Amino acid sequence: MPRHNKIEEINKGLFHFLIMQGENRVLLSILTGVLGGLAYAALIPLILASVSVESALMANFLEEEKVFVLGYEIIQPKFAIAFLFVCLAALILRAISQILLEGVVVKAASGLRVYMSDRLYRLPIQELEQIGPSRFISAITMDVPTIAGSAASLPNFVINISVVLGVLGYIAFLDVHMLWTVLLVILFGVLSYRIPMMFGQKFYAKSRDSYDDIQESVRGFIYGAKELKLNHKRYQEYRDQRLITAEGRYVEMQLWGGRIFYMAIQYGNLVGFLAIGVIVYAAGNYYSLSNSTLVSVVVATLYLIGPLANIMNSIMPYSQGVVALKKLNVLINEMPQEPVNENYEPLPCDRIDIKELCYQYPGQEGFNLGPVSFTLQRGQITFAIGGNGSGKSTLAKLISNHYGASKGEITFNDIQITPENRWRARESISAIYTDFFLFTKLYGFAQDDLGKVERYLKKLALHDKVSLQGDMFSTISLSDGQRKRLALLVSYLEDRSLYVFDEWAADQDPEFKKVFYTELLPELKARGKIVFVVGHDELYFSQADQLLTMQRGRLVDIQSNQSSKRELSHVI
């Protein structure tokens, strides 16, 4: 797999990126492509020499003995052998060129996807939430394949360039004036071809921007399916204003880009015929070419049409690759990375001090959290309560070190948490948020940990729903409450110092809600864990050793175990 420092070379351009992924293989691919193209180009002079009685080479073979193959007489057998040899060389060299680069491209695309995934892991949660999942999904599922497809066209481009150069060399051998004539026509064709292609590329860039909106719209249909089904007017407006509008922009830009590109491609396909026309109707007579030379030049130029068309046609996928590359670079530049830390040893966590902690969401004004100050201790349960939007969940994410504070500090056993040691702090924490993700496999656990699963399944009343098969759950297709219990099982297995639960009991039935507050939380407390719970269940506030009341981002009250048993409905 390509190393990350090489993957990062993508911001220097497509070709440079490929070179960095496999320099020797790319260069060998180019070399074999050039040789294959020249071998392909050599077929024209070889054929013309074979059929021309004026050829000096031909004269040497006129007296050859007759050769028969399958009853057919082979005239000029040495030419025939040379022809077969050149054909075979062209076939093998061109195939090797494409195979070599295909290997580099496939591995580079794979490495790029892994690189983006690793950057996601090191991306602060705030920026991940701000950018949104749609752009990441589009980048990995659309931009990376487009870049790979564009890069994969390089061997054909090199081969066709080599064919063109080889044939032009043959034309120069026939008549230098004809070479300049063909070059001028080709230069005019290429330059005039590039003008519409630039406009087409702009339309494709706009269509790529619209694709992110389409991706986001589809997410709404998937994750908002229940809400849309209950309100047809909402569905109709969402469909028309989000999806249809985005699709309309995408289709319009794609069609305009396609029209311009395909018209330009058809124009490019005529460049070779334009050169033939100039040679036959003007240049041949002007330079007084003999009939045999004129025919040879025309045939050679005719041979250029296919390679020239292929070169012109490769501009379209290359342009799309450039657009995708720019889009990917823009996204990468919006992904700040948390400092890399090779030390993942958990920080000691018997006491957590929150001192004058403040937080403001990036790019948003209005809501601010803090300053808040309090202490969490081992063997203690702390509840954070308050109305919706009071800052409870934001505070939980600061405590679990998913968010970095704007001001203030958090200390674990008097060790201040900084960007450099935040990874170590996280290794002491297990958290379940309302938007938790449940993995089908138990990643990161030792075999001894797996032996506890059956006991926890029974404890969480899941033993008749789920079983452990190796290190994988038999199913995660469960109700919301059951999925949360399964997530709690995974959290139990982690055996961390600090447990953070954000509205965990919200989806539980009354019976299991009681189990959570009166059995599971006290058990974690008895095991010496620090427990931080965000919730609204006033009935169980008495289970808290410390009760924090939040209002509009401010910590307005801290109550101990004794005072927390008072009537607190006024803060709910």
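Keep in mind that glycine also has a Cβ here, set from the backbone N, Cα and C atoms.
Over in TrEMBL, the protein carries these features:
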TRANSMEM  26-49  transmembrane segment
DOMAIN    26-320  domain 'ABC transmembrane type-1'
TRANSMEM  69-93  transmembrane segment
TRANSMEM  154-173  transmembrane segment
TRANSMEM  179-199  transmembrane segment
TRANSMEM  260-283  transmembrane segment
TRANSMEM  289-309  transmembrane segment
DOMAIN    352-571  domain 'ABC transporter'
Worksheet item: Is it true that the transmembrane segment (289-309) and the transmembrane segment (69-93) have 3 or more Cβ pairs under 8 Å, skipping pairs fewer than 6 apart in sequence?
Response: no
Practice prompt. Please indicate, using numbers and ranges, the residues of the same chain that are 6 or more beyond the transmembrane segment (260-283) and have a C-beta under 8 Å from a C-beta there.
Written response: 177-178, 181-182, 185-186, 189-190, 192-193, 196-197, 199-200, 203, 289, 294, 297-298, 301-302, 304-305, 308-309, 312-313, 315-316, 319
Response to the item:
In the domain 'ABC transporter' (352-571), averaged pLDDT is 89
Worksheet item: Mind checking which residues reach the transmembrane segment (154-173)? Cβ under 8 Å, same chain, six or more beyond either end.
Response: 15, 18, 29-30, 33-38, 40-42, 44-45, 94, 97-98, 100-101, 179, 182-183, 297, 300-301, 303-304, 307-308, 310-311, 314, 318
Worksheet entry | Cβ contacts under 8 Å made by the transmembrane segment (179-199) with residues that lie 6+ beyond its boundaries | 168, 171-172, 260-261, 263-264, 267-268, 271, 274-275, 278-279, 283, 301, 304, 308, 312, 315-316, 319
